[in-house]
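Chemist: Quick one: the structure is below, and I'll ask about it shortly.
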Amino acid sequence: IEEDLIFFDFVRCDLDIKSNSSSHHTELYGEERLIVRRGQPFNIILHLKPGRAVFLLISLSISVSKGPLPRKGSDTKVSFGLHESTVDTEWSASATHDPSGNTLSVSISSSPNAPIGRYSLTLDQEGQTTSLGEFILLFNAWCPSDAVYMKSNTKKQEYVLAQHGQVYRGTHKRIKGLCWNFGQFDPSILDICLTILDANPKFAADADKDCSARRNPIYVTRVISAMINSNDDRGVLVGNWGEVTDGVHPGRWMGSGDILRQWAESGPVRYGQCWVFAAVACTVSRALGIPCRVVTNFGSAHDTDANLIIENVYNVDGEKISRDSVWNFHVWVDSWMTRPDLGSEFDGWQTSDPTPQERSDGVFCCGPAPLKAIREGELTKKYDTPFIFAEVNADVVDLVQRSSGETVKFAGSTTSVGRSISTKAVGSDERWDITHQYKYPEGSKEERKVFEKAQHNNKLQQQGEEPSLRLKIKLADNMIVGKDFEVSAVLTNNCTVAKTCTLMFMARAVGYNATRGQGIEFVTDIVEVAPGEELKVKRSVTAQLTLLNTLPERLRDCSFTIEGVGLTDGKPITENIGTVEAKQEAKASISFIPTSVGSSKLLVNFDSDKLKNIRSFINVVVEK
């Protein structure tokens, strides 16, 4: 009898997946396994052998462990007994049994600071251990004690649970939204995200230290930033900003799921550019429970020498000979978390950038840097704040290098960098301008004061005078793709005497990231400008572009591709339609079977040899 009071046998352990998934906001992952969020209790039910009632539970304890070498000192292995109630600050458990004594309900509460990942669950009875199953533990934006806690339910819905969103591209005058399927709840995606963490070189170097550090969203976000690109390791994406002769053109991707599955099957995926890197990083972050948003910066500076100045240096032939550049747009992610390493004033959104641009601590990664530090010019705050500050707030200086080697400043701007910083609005497909979160209004006293403080913090001393001659380029407001347009060059003489100037005008195709194509036209003229006078020079430039099939040409290799979360089983479906004659409509019929009830978006892409990546989407509601 005494033995029966201490030891008991159970038939099976019910992880109560459906109920736990509902309370932990993880039901979208499916009901095949237990997935819970840290700092919040979950329940398991032990079904006992009939007649083996339990009256004494003091001998029972539960242990959880993760990683290849679980260790108590690293909090990757924790054991705890059963008590009357759980506590919300550490791993704990409580138990109740039904009147018949046939089931024992155990409530387990994880620490809000526990490392995330795969766990095994074990019951210990005086040294006799029995496996109860496995579960996955995620960050918890619903738990006030978790570092990623977000108070607003609508924001949690947007930044953790939303499976599709908008990624913005173009220029600050012509902003275009691209609908993207994040698909963080698609089958296998969470497992792939955890595998990405295991593929991190830090895991190979010290698995115990790495698994323990996964308690910290700062650490995990920095790992994600490094692992989404493949420059230092077998990360997810290979970057390509030139001609694509193999792999998938970055513009053809419609969602993250296909990219992640390809990586899991065969390693680094070809190819990505900034918006693809950022969107995949957003998927991984949301899958692991970190609130995340995709952000686009128009007029984004790439400061290669960390002086907060974009120095565009040209030779006398008009060719650029410096590395600094300003991209039409650049895309990164913001993740929500506290910053106990910096102080509570730096809690909130943190910028990180998975696009490989410059090394940080020897690795191609960037961030997380607090938006508060970026906005206030606090460049000593970790991580990579000076680089991100320059992306949104650098000054631009244009110089020409004479044959003697001397450089002369001929133009510049303090307002052209960091415009219309954009993200998707909460709860709608509208664009939200968040420039004010990154910087004070351009030209304001606060903005200039912050820039000066940033230069001081960056130990810089810039000297120079305003140019006596100013050159400004004006483009027509009504430009149409495929049509001629006018360009005006306005040269202003601010001197007290006349100036004879050599005016060099060169047109060149430029990619969004400042990659330069072949020159279209180069013109040199010598002009004399009187004091205080403005001189306008108009030149006609013709750009041959294709946007729609309005040209009298046949389109070859035409195809339609559709993809939708819960609509196409997480995978794109492509229909090849071959050749489309001039003025002819391209038509295709594609069947698919929705797998989820509710609202979604069906993304459509048209591709051909001449017209590429023509995008659209439609809202879809699937009912039972």
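Including glycine, each Cβ sits where the backbone N, Cα and C put it.
As the structure is a computational prediction, the values presented were derived from the model and not from experiment.
Here's the feature list from TrEMBL:
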| type | residues | note |
| --- | --- | --- |
| ACT_SITE | CYS274 | active site |
| ACT_SITE | HIS330 | active site |
| ACT_SITE | ASP353 | active site |
| BINDING | ASN393, ASP395, GLU442, GLU447 | Ca(2+) binding site |
| DOMAIN | 266-356 | domain 'Transglutaminase-like' |
Chemist: Inside 8 A of the center formed by the CB atoms of ASN393, ASP395, GLU442, GLU447, which other residues of the chain have their CB, for the recorded Ca(2+) site?
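Modeler: Once ASN393, ASP395, GLU442, GLU447 are set aside, the remaining close residues are ALA394, THR414, THR415, VAL417, GLY418, LYS439, TYR440, GLY443, ARG448, VAL450, PHE451.
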Chemist: Which ones in the same chain are close to ASP395 (Ca(2+) binding site), with CB under 8 Å and 6+ residues apart in sequence?
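Modeler: Listed in sequence order, they are LEU308, ILE309, ILE310, GLY412, SER413, THR414, VAL417, PHE451.
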Chemist: For the domain 'Transglutaminase-like' (266-356), how many residues does DSSP put in helix, in strand and in coil?
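Modeler: Breakdown, helix to coil: 18 helix, 40 strand, 33 coil.
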Chemist: Restricting the comparison to the active-site residues CYS274, HIS330, ASP353, which residue's C-alpha is spatially nearest the C-alpha of GLU447 (Ca(2+) binding site)?
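Modeler: Of the active-site residues CYS274, HIS330, ASP353, HIS330 has its Cα closest to that of GLU447 (Ca(2+) binding site).
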Chemist: I'd like to confirm something. Which of the recorded positions, CYS274, ASP353, ASN393, GLU442, has a Cα closest to the Cα of HIS330 (active site)?
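Modeler: Out of the listed candidates, the nearest Cα belongs to CYS274.
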Chemist: Would you kindly give the Cα-Cα distance separating CYS274 (active site) and GLU442 (Ca(2+) binding site), rounded to the nearest Å?
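Modeler: Here the two Cα atoms are 25 Å apart.
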Chemist: Of these recorded positions, CYS274, HIS330, ASP353, ASN393, GLU447, which scores lowest on Cβ atoms within 10 Å?
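Modeler: Relative to the other recorded positions in CYS274, HIS330, ASP353, ASN393, GLU447, GLU447 has the fewest Cβ atoms within 10 Å.
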Chemist: I'd like the number of other C-beta atoms within 10 A of the C-beta of GLU442 (Ca(2+) binding site), please.
Modeler: 16
Chemist: Which whole number is the mean pLDDT over the domain 'Transglutaminase-like' (266-356)?
Modeler: 94
Chemist: What is the interatomic distance between the Cα atoms of ASN393 (Ca(2+) binding site) and CYS274 (active site), given in whole Å?
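Modeler: Cα-Cα, rounded: 19 Å.
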